[in-house]
Amino acid sequence: MKKTTIPTLSALTLAMSLAFGGAAIAQEQVTGNQFWWPEQLNLSPLRQNAVESNPYGSDYHYAEAFKSLDLDAVKKDIKALMTESQDWWPADYGHYGPFFIRMAWHSAGVYRIFDGRGGAAGGQQRFEPLNSWPDNVNLDKARRLLWPIKQKYGSKISWGDLMVFTGNVALESMGFKTFGFAGGRVDDWEAEQVNWGSEKAWLDSKRRNEKGELAKPMGATQMGLIYVNPEGPNGVPDPLASAKEIRDTFGRMAMNDEETVALIAGGHTFGKAHGAHDPSKCVGADPAASGVEAQGLGWKNKCGKGHSEDTVTSGLEGAWSSNPTKWTMEYLTWLYTFDWVQTKSPAGHIQWIPADGKAANLIPDAHIADKRHAPMMFTSDIALKEDPIYREITTRFLKNPQEFELAFAKAWFKLTHRDMGPKARYLGADVPAEMLIWQDPIPALDHLVIDNADIKALGNKILASGLTVPELVRTAWASASSFRGTDMRGGANGARIRLEPMMNWQANNPKELAKVLAKLEKVQKDFNGSLKGGKKVSLADVIVLGGSVAVEKAAKEAGVAVSVPFTPGRMDATQAQTDVSSFAVLEPTADGFRNYYSKDSSHSPAEMLIERANMLNLTVPEMTVLVGGLRALDANSAGVKHGVFTDKPGTLSNDFFVNLLDMSTKWSKSEKQEGIYEGQDRKSGKLKWTATPVDLVFGSHSELRAVSEVYGAQDGQDRFVQDFIKAWNKVMNADRFDI
């Protein structure tokens with residue numbers, strides 16, 4: 001029966017396919033809205049990685065799952081895997097350690113400081129485009145080697161954590177002492193929307209300005225690379241030019257010169273490069289472009305064995321050390337022992353070997369017994385010797401092995417944890433005790449927090465301080481909205497708004513900010529003086545509470561009695577705990593919530609609003625209600641009146657939406673101010689309002705207008721206030737990883 005059923009079903013399927021073939025083709029050729037209206041504001045960044053996309057469900061909490069994990073057992077399994085070479089992808093030198101180090105490095109190494117995107121959190125290396133980047137060739141096999149371990153521990157360890165932890169275990173299994181490990185990287189379930197560049201071809205580079213500088217927020221020199229081309233800028237083997245690019249790209253990952261040298265020298269102590277054949281003649285499509293039968297694997301190599309001694313990855317070929325699966329000083333030793341000359345790999349890529357044929361038999365082959373090679377270096381390796389600053393560091397490390405080892409351990413820890421945010425998010429027993437400046441340290445809570453009665457009394461004192469509702473709201477928003485969810489930095493905790501550099505950011509209106517902070521500091525000091533029993537309140541808490549009681553007052557004046565939630569427990573950081581240059585990248589070039597826009601902005605005002613909302617992890621309705629509420633509260637930067645569509649500024653009314661949707665107003669571009677619009681009465685021609693594109697997009701964009709109509713309806717006021725408070729509270733607590 002089975003033998004006849006299958007062909008019958010196949011014939012039926014074929015007949016149906018032929019019958020409905022026209023419809024299938026039509027579906028494949030659907031033309032989306034973005035084609036017809038390419039300038040239409042894209043709201044999709046605010047809809048990515050929705051809770052509904054998570055197969056574990058809304059009740060799943062990764063931190064709790066991770067805490068139940070026996071990390072020592074996981075480590076034991078990973079160590080065993082290191083030397084269990086698989087026939088379908090044999091280990092170089094019988095050890096997968098170097099392969100897993102590359103996997104972990106390339107997972108974390110896409111992090112960039114300017115927008116906080118990239119990094120190991122989310123496990124994005126599993127998804128396009130990262131899973132198919134030229135710089136990630138064959139890392140699909142590394143993750144498949146790890147699948148049995150991921151399968152065993154399931155929801156208790158994320159791919160993001162597993163990849164980094166495996167890199168750590170790999171280092172330890174080869175004799176290196178790591179600095180520590182922290183779990184806490186929650187997996188994503190779809191590819192993150194990231195601007196990786198506008199190039200249309202791999203390894204192309206069209207990301208520099210007229211001065212030759214890499215455009216922000218890019219972190220790599222070419223499309224599809226993690227950092228730089230190892231052969232030199234655009235393949236030109238110039239070590240000094242390579243050093244310049246290395247310094248720039250690693251700096252964009254928050255690494256200084258010493259950390260950069262430690263990472264490159266430490267990482268290249270292990271493993272080898274793979275360029276046994278010409279990729280153009282041997283290597284097939286990347287994972288994303290491969291057929292379903294490949295099951296997510298790519299770069300199939302048709303030459304020789306297709307792996308082992310025939311492996312093709314970067315096209316460069318060889319090892320740096322004679323013992324590539326052990327921690328040694330050989331990388332730096334050989335770098336300075338030999339003079340290096342250019343040669344080409346079997347794949348035709350430029351690399352370097354010792355001059356005069358020296359050390360021709362120093363390096364054992366990774367797979368063939370009794371076969372040996374000369375050591376090799378990339379152009380980017382020679383850069384560490386030729387650049388004067390890098391040379392000073394490498395020679396010092398060569399003379400001081402323990403200093404080098406600690407520098408690499410700390411740099412590796414920073415590389416793999418930089419995108420996790422503050423230490424409060426770290427999980428596990430291997431978290432190092434030392435507090436590091438790049439972790440944006442905040443003092444641990446050292447006092448009893450105030451209770452509800454204290455909160456009410458403090459709120460009344462803030463309202464009696466002479467500060468206005470707009471001033472309190474603007475200050476609280478400026479403090480809390482510095483948060484960015486891409487790398488969990490910024491936010492109200494720490495009260496860094498009173499420190500350099502935040503206190504002088506243009507968007508924060510420094511003159512007004514100084515006045516408000518002075519009054520709030522006095523309130524804090526006086527109130528703490530009245531408290532007993534070890535209770536205190538931080539300035540960070542006072543700033544947030546000030547905004548919250550101002551919102552309550554504004555809602556009451558609009559006829560809605562509400563209580564804005566407030567959770568004390570924030571602490572105040574010091575200037576010594578604040579790296580000014582590191583925090584400088586958090587400065588907003590635009591903040592549509594405050595109608596602030598500067599000439600340094602990379603996109604239009606409306607697009608920058610979406611970017612800011614995305615950083616704050618807001619949804620489309622949350623963004624909409626916050627903009628409308630902040631306009632009604634008169635919270636624009638520097639008090640500008642654009643978008644304040646109300647005759648009762650400082651009151652939490654839905655007037656912004658009511659008046660935006662009012663057909664008695666006719667909008668036109670201002671003839672006096674570029675980028676400003678004027679709303680005039682259709683009958684009298686009298687000027688009623690002024691607005692920015694950020695204001696008007698809530699009436700012009702069909703989806704945003706749909707949300708605005710909810711809040712602008714006659715029954716919308718109560719909903720508006722309640723939704724505003726929920727969204728406000730979300731922003732105020734965005735960095736409260738302790739609650």
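Glycine is no exception: its Cβ is also placed from the backbone N, Cα and C atoms.
Marked as active site, proton acceptor by Swiss-Prot: HIS106. What Swiss-Prot lists as heme b binding site is HIS268, and the listing cites sequence analysis. Positions annotated as signal peptide by Swiss-Prot: 1-26. Under the heading site 'Transition state stabilizer', Swiss-Prot lists ARG102, citing sequence analysis as support.
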Which residues does the residue listed as 'heme b binding site' neighbour through Cβ under 8 Å, counting only same-chain ones at least six apart?
-> TRP320, TYR331, ASP381
Give the sequence-ordered list of residues that share a chain with ARG102 (site 'Transition state stabilizer'), lie 6 or more positions from it, and have CB atoms under 8 Å from its CB.
-> LEU139, ALA142, GLY271
If H, G and I count as helix, E and B as strand, and all else as coil, what does DSSP give for the residue listed as 'active site, proton acceptor'?
-> helix
Proximal but sequence-remote residues of the same chain as HIS106 (active site, proton acceptor) (Cβ under 8 Å, at least 6 apart) | GLN125, ASP135, ASN136, LEU139, ILE226
